[in-house]
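Pulled the feature table from Swiss-Prot, pasting it below:
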DOMAIN    268-427  domain 'SSD'
CARBOHYD  Asn77  N-linked glycosylation site
CARBOHYD  Asn133  N-linked glycosylation site
CARBOHYD  Asn167  N-linked glycosylation site
CARBOHYD  Asn319  N-linked glycosylation site
CARBOHYD  Asn326  N-linked glycosylation site
CARBOHYD  Asn568  N-linked glycosylation site
CARBOHYD  Asn599  N-linked glycosylation site
CARBOHYD  Asn608  N-linked glycosylation site
CARBOHYD  Asn762  N-linked glycosylation site
CARBOHYD  Asn818  N-linked glycosylation site
TRANSMEM  20-40  transmembrane segment
TRANSMEM  273-293  transmembrane segment
TRANSMEM  298-318  transmembrane segment
TRANSMEM  328-348  transmembrane segment
TRANSMEM  373-393  transmembrane segment
TRANSMEM  407-427  transmembrane segment
TRANSMEM  502-522  transmembrane segment
TRANSMEM  707-727  transmembrane segment
TRANSMEM  738-758  transmembrane segment
TRANSMEM  795-815  transmembrane segment
TRANSMEM  826-846  transmembrane segment
Amino acid sequence: MLRQVLHRGLRTCFSRLGHFIASHPVFFASAPVLISILLGASFSRYQVEESVEHLLAPQHSLAKIERNLVNSLFPVNRSKHRLYSDLQTPGRYGRVIVTSFQKANMLDQHHTDLILKLHAAVTKIQVPRPGFNYTFAHICILNNDKTCIVDDIVHVLEELKNARATNRTNFAITYPITHLKDGRAVYNGHQLGGVTVHSKDRVKSAEAIQLTYYLQSINSLNDMVAERWESSFCDTVRLFQKSNSKVKMYPYTSSSLREDFQKTSRVSERYLVTSLILVVTMAILCCSMQDCVRSKPWLGLLGLVTISLATLTAAGIINLTGGKYNSTFLGVPFVMLGHGLYGTFEMLSSWRKTREDQHVKERTAAVYADSMLSFSLTTAMYLVTFGIGASPFTNIEAARIFCCNSCIAIFFNYLYVLSFYGSSLVFTGYIENNYQHSIFCRKVPKPEALQEKPAWYRFLLTARFSEDTAEGEEANTYESHLLVCFLKRYYCDWITNTYVKPFVVLFYLIYISFALMGYLQVSEGSDLSNIVATATQTIEYTTAQQKYFSNYSPVIGFYIYESIEYWNTSVQEDVLEYTKGFVRISWFESYLNYLRKLNVSTGLPKKNFTDMLRNSFLKAPQFSHFQEDIIFSKKYNDEVDVVASRMFLVAKTMETNREELYDLLETLRRLSVTSKVKFIVFNPSFVYMDRYASSLGAPLHNSCISALFLLFFSAFLVADSLINVWITLTVVSVEFGVIGFMTLWKVELDCISVLCLIYGINYTIDNCAPMLSTFVLGKDFTRTKWVKNALEVHGVAILQSYLCYIVGLIPLAAVPSNLTCTLFRCLFLIAFVTFFHCFAILPVILTFLPPSKKKRKEKKNPENREEIECVEMVDIDSTRVVDQITTV
């Protein structure tokens, strides 16, 4: 009883609101436009988010704490040449992969000379500034001897060239660790790619060579010069490529990922304009009909204007509050399109059910009472789900900002639909009541006055006048609309046909089977190349890097951050055990081998162990570079102690798999907790992948929970709680199918796809809730009759919004960007699967599942029978229209 009272009370409130808006249409039409112009004007000076890490790396993660600890001991900016990572290397740098089209050996004489010429050209790059020209020597990272740090492969190639010049045949390159002429052992696993080896790891050939040039960025001037040097670096590599057409070069810099991420917005512009034109055309066609008076083409256009005003207002507010633009915002207009269009088409559908002899104010009040309650509840669902996503519980900034922007846009869209679109409906209502042309707004003459006009003129002015319409035909004046006619006369009878139902059920079982198959293969996508435009430096470099340099993982720093008994043999065994199985670049292991070669026991007393380490081992030229890996401290009694040290580990992998690397990280972390030696592991890529899975799923998980809670509490606002049960089951079915099919379509579970899944919850409720409500609340008659009625009442609005949404998505498929490709596939699946449920699954399943309907009992008395039929006809359509009843 309470639910019915609340339901009727809300309908009455919306009816009065509609009457009030119809009484002041000019104010409610102009106010949203003025607000949008004032707030949207600030968007002309929008700022672009520059930091990809800020957007896509989890905000709160253990890796960031570990990075701070590592930085306090061994600054990462100076160590980045040791901590190799493909796309996440910190600071400024330029990198190039050199390979051959014919898969030639890059270590032969010709290619060796070519690469050394490229190296010389890169080091001579000049960045002009007022009064000074900066070269690589001015902005490079310096070694202890004040020389620029360059990749060890450059020294290897120089030694190889000298060996050939002097006809020395004893020079050999080993892989993945080789020795230079000064005795240093260096790791070359990420500098030589596509390697073929002889016995004892001697390199026979290499298909690719990678060079990296690390730059300083210690202040703003230095950073600006380094950024310009990176741009000149790419230009130099391209010019070198043109003059040496037999080799292929893949340049990459620290700015490439950011620029290619932002490039998505630029390459999407003309496709979005095409999408807008198609949506406008389809919306106008969906609102048009042959009757030139009752046709509403302007409402189709004004519905899109309403959505545009809300989006512009939200963008202005985000900009005024200090928000910055990023390419993920491309999905916001499509979120608005799915929600806003259905609301406007539902209002138009309700308008068609009102009586034409009523005043416009009364018709508008009836429209608001009929459609605004469901639209308000679905809007509340959007606000709650996206609001949870915009909360601090969301650990990925890109997802949080997207949800925040969507929340603001949806809120203003709701207000503008109530005001701007409602007043537009009032204006078109007056045009209709005055029998004016729906496009040209001129009085339409009666058919008698058009007899002498040309056929095309009579066609343009086709209209039905009330005095020419029989009383019983008044409710059918809108049935000349193509979609209304299609649903009422053909589709409703076909989908509820007894012979069609088994095929639909079979098709649904196939749908569930394929969805389950895809669901079991869901993979998490933390690859940053999935968010950038295609045919860019990032994509080309990543493809080459995975092809030639995926044999080994990124270099993992192994940091012992407290003083331990390095001289103790049991501690030595523990440290060696922890690093066993990795390719190691370790001062500790080298020092122990050094002692063994001198026939000195590794279990020396502490003082002897430390003195020999400082005064003998680190003084040797081949081991002097290890000085950066050890931190000594003097105690009060002048005793020297090793307070912290680091080693570098590389894991052998068949392929650089993010999940495999994350599992390795978690394994090492668990080991650090239980081990006697206190250590941490770090690589810059860990900042992006640490807790990525939980951070990624949190917005979707929280949104699902909030949606369930809202459905539970909204059961008190709807007339029957069974509506919410059906909505929940439908949402589960749709989301399950979308996740499964997007996996089969090679879409990983990343930031973009998770945001689309959150939107999918709301899109499903948006389209299915009104239809389910009409079915569940129906009294008497059969389930089949009420399924047909629900489709007739709400099917047109669903079909209209679906057609507009799909034509708007189609141009998105052609955008040359991985981000928009993911966006298109997810949104298309959401729209298609929801449409499949609305027009196939639900109409069939509802015919044999609860709630049951009481069959009408026919009365023997003809007078009673006529009265009962009149009442039932009113209940079926739940409108103010009563068809002519003939009972004889």
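Backbone N, Cα and C atoms are what each Cβ position is placed from, and that goes for glycine too.
Help me see these features in their spatial surroundings.
Counting only same-chain residues six or more apart in sequence, the Cβ atoms lying under 8 angstroms from the Cβ of Asn133 (N-linked glycosylation site) belong to Gln126, Val127.
The Cβ neighbour count for Asn167 (N-linked glycosylation site), using a 10 Å radius and every protein chain shown, is 6.
Counting only same-chain residues six or more apart in sequence, the Cβ atoms lying under 8 angstroms from the Cβ of Asn319 (N-linked glycosylation site) belong to Ser42, Phe43, Arg45, Tyr46, Gln47, Tyr325.
According to DSSP, Asn326 (N-linked glycosylation site) is assigned to coil rather than to any helix or strand.
Under a cutoff of 8 A between CB atoms, and with a sequence separation of 6+ in the same chain, the neighbours of Asn568 (N-linked glycosylation site) are Gly603.
Just so you know, the Cβ of Asn599 (N-linked glycosylation site) picks up 6 other Cβ atoms within 10 Å once every protein chain is counted.
Sequence-distant contacts of Asn608 (N-linked glycosylation site), defined by Cβ-Cβ distance under 8 angstroms and a gap of at least six in the same chain, are Trp567.
Shown in sequence order, His339, Thr378, Met381, Tyr382, Thr385, Phe386, Ala707 are the residues of the chain, 6+ apart in sequence, with a C-beta less than 8 angstroms from the C-beta of Asn762 (N-linked glycosylation site).
Cβ neighbour count for Asn818 (N-linked glycosylation site): 23 (other Cβ atoms within 10 Å of its Cβ, all protein chains included).
Packing against the transmembrane segment (20-40) from elsewhere in the chain are residues 306, 309-310, 312-313, 315-317, 320, 360-361, 364-365, 368, 415-416, 418-420, 422-424, 426-427, 429: each is 6 or more residues past its ends and has a CB under 8 Å from a CB in it.
Proximity of distant same-chain residues to the transmembrane segment (298-318), defined by a Cβ-Cβ separation under 8 Å and at least 6 residues beyond the stretch ends, is recorded for 32-33, 35-36, 38-43, 46, 276, 279-280, 283-288, 332-333, 336-337, 340-341, 344-345, 348, 404-405, 408-410, 412-413, 415-417, 420-421, 424-425, 428, 438-439.
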If one measures from the C-alpha of Asn818 (N-linked glycosylation site) to the C-alpha of Asn326 (N-linked glycosylation site), what distance in angstrom results, rounded to a whole number?
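That comes out at 15 Å between the alpha carbons.
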Between the Cα atoms of Asn167 (N-linked glycosylation site) and Asn599 (N-linked glycosylation site), what distance do you get, rounded to the nearest Å?
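It is 36 Å, counting Cα to Cα.
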Tell me the Cβ contacts of Asn326 (N-linked glycosylation site) under 8 Å, same chain only and six or more apart in sequence, or just say none.
Val48, Glu49, Leu55, Phe261, Gln262, Ala398, Ile401
Could you tell me which three-state DSSP class Asn608 (N-linked glycosylation site) falls into?
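DSSP assigns Asn608 (N-linked glycosylation site) to helix.
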Counting only residues 6 or more past its boundaries, what in the same chain has a CB within less than 8 Å of a CB in the transmembrane segment (826-846)?
331, 334, 338, 491-492, 495-496, 500-501, 504-505, 507-508, 511, 730, 733-734, 737-738, 741-742, 745, 747, 752-753, 756-757, 759-760, 763-764, 767-768, 771-772, 775, 783, 786-787, 790-791, 795, 798-799, 802, 805-806, 809, 812-813
